[in-house]
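Only one structure is covered here, and it is reproduced in the block below.
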Amino acid sequence: MILLGVNIDHVATLRNARGTRYPSPVEAALVAETAGADLITLHLREDRRHIKDDDLAVMRAAIKTRMNLEMALTDEMLDNALRVLPQDVCIVPEKREELTTEGGLDVIRYFDRIADFTRQLQAKGIRVSLFIDPDDEQIKASHETGATVVELHTGRYADAESHDIRQRELTRIRHAAIVGVDLGLVVNAGHGLSYHNVQPVAAIREIRELNIGHAIVAHALMVGFAPAVREMKALMVEARHNAA
């Protein structure tokens, strides 16, 4: 079984472009759930460029599946997570100047801080995931922090400019997923996945969940939000079924 986490950040981006109350990220999340989303992902960035603080509690109370909060490794974000108590937290690297998350968390470099955050979040019943590059040493370090989940960064695969590079990156993702599962980790993946490139990743049996946002929101402008979610989920399920 492959799960779909729908990232609703860019619904908030559209809302914030005009400073209005619409479109509502919460309404989008509820539509996504009815269309087959298994969880809702949102990223409260330090610059609040899309999701705002007020969105968190409303989202937590409204959705019926799981809330996956992406957050930077800062005390402010830890406090927010401990206040809202999402079911899941994914710790991600963050740079103010980037358009979107550009790479994986350096777990080896920030090991002690990550382990401390992980302990505090888990003490409140929150499942902790670390967003990392598909690298053996980062996976092993992630396991040693006490985190039970890793999310593999698929950006290099998604942005590959040639078939050979794409296949090389897919092999890295597949190998990393096997390493993670062998260590007892739950392995998720995401970043840059679209309707055109999702199936090879969804076919990797060791991967439990894919988190996808921009492609779904963009496609929703043409076909509607629920159909966009259903189409993505169908592609994922088809790929996993064919790989079985």
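Easy rule for this one: first residue shown is 1, then count along the chain.
Each Cβ is built from the backbone N, Cα and C atoms, and glycine gets one as well.
Here's what Swiss-Prot has on this protein:
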BINDING   ASN7, ARG18, GLY192, GLY213, HIS214  3-amino-2-oxopropyl phosphate binding site
BINDING   ASP9, HIS10, ARG45, HIS50, THR100  1-deoxy-D-xylulose 5-phosphate binding site
ACT_SITE  HIS43  active site, proton acceptor
ACT_SITE  GLU70  active site, proton acceptor
SITE      GLU151  site 'Transition state stabilizer'
ACT_SITE  HIS191  active site, proton donor
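This view paints the features noted in Swiss-Prot onto the structure.
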residue : record                                     : DSSP (3 states)
ASN7    : 3-amino-2-oxopropyl phosphate binding site : strand
HIS43   : active site, proton acceptor               : strand
GLU70   : active site, proton acceptor               : strand
GLU151  : site 'Transition state stabilizer'         : strand
HIS191  : active site, proton donor                  : coil
GLY213  : 3-amino-2-oxopropyl phosphate binding site : coil
- HIS191 (active site, proton donor): nearby recorded positions from HIS10, ARG18, HIS43, HIS50, GLY213, Cα cut-off 10 Å: GLY213
- Neighbours of GLY213 (3-amino-2-oxopropyl phosphate binding site) among the recorded positions HIS43, ARG45, HIS50, GLU151 (Cα to Cα, within 10 Å): none
- Of the recorded positions listed as ARG18, HIS43, GLU151, GLY192, the one whose CA lies nearest the CA of HIS10 (1-deoxy-D-xylulose 5-phosphate binding site): HIS43
- Task: Can you grab the distance from GLU70 (active site, proton acceptor) over to ARG45 (1-deoxy-D-xylulose 5-phosphate binding site)? Cα atoms, rounded to a whole Å.
- Result: 8
- Have a look at the recorded positions ASP9, HIS43, ARG45, HIS214 and say which one has the shortest Cα distance to GLU151 (site 'Transition state stabilizer'). HIS43
- Item | Neighbouring C-beta atoms (10 Å sphere around the C-beta of ARG18 (3-amino-2-oxopropyl phosphate binding site)) | 8
- Message: Taking the Cα of HIS43 (active site, proton acceptor) as the centre, which of the binding-site residues listed as ARG18, GLY192, HIS214 lie within 10 Å of it?
- Response: none
- Per 10 Å Cβ neighbour count, which of the recorded positions ASP9, GLU70, GLU151 ranks highest? GLU151
- Neighbourhood of ASN7 (3-amino-2-oxopropyl phosphate binding site), C-beta criterion under 8 angstroms, separation at least six: ILE40, THR41, LEU42, HIS43, GLY190, ASN211, ILE212, GLY213, HIS214, ILE216
- Message: Can you tell me the CA-to-CA distance separating HIS50 (1-deoxy-D-xylulose 5-phosphate binding site) and ARG18 (3-amino-2-oxopropyl phosphate binding site), as a whole number of Å?
- Response: 12
- Task: For each of the binding-site residues (GLY192, GLY213), count the other CB atoms lying within 10 A of its CB, then report the residue with the highest count.
- Result: GLY213
- Item | Among HIS10, HIS50, HIS191, the one of these recorded positions whose Cβ has the fewest neighbouring Cβ atoms within 10 Å | HIS10
- Message: Going by a 10 angstroms cut-off between Cβ atoms, which of the recorded positions HIS43, ARG45, HIS214 has the sparsest surroundings?
- Response: HIS214
- Note on the structure: Cα of GLY192 (3-amino-2-oxopropyl phosphate binding site) to Cα of ASP9 (1-deoxy-D-xylulose 5-phosphate binding site), in Å and rounded, measures 14
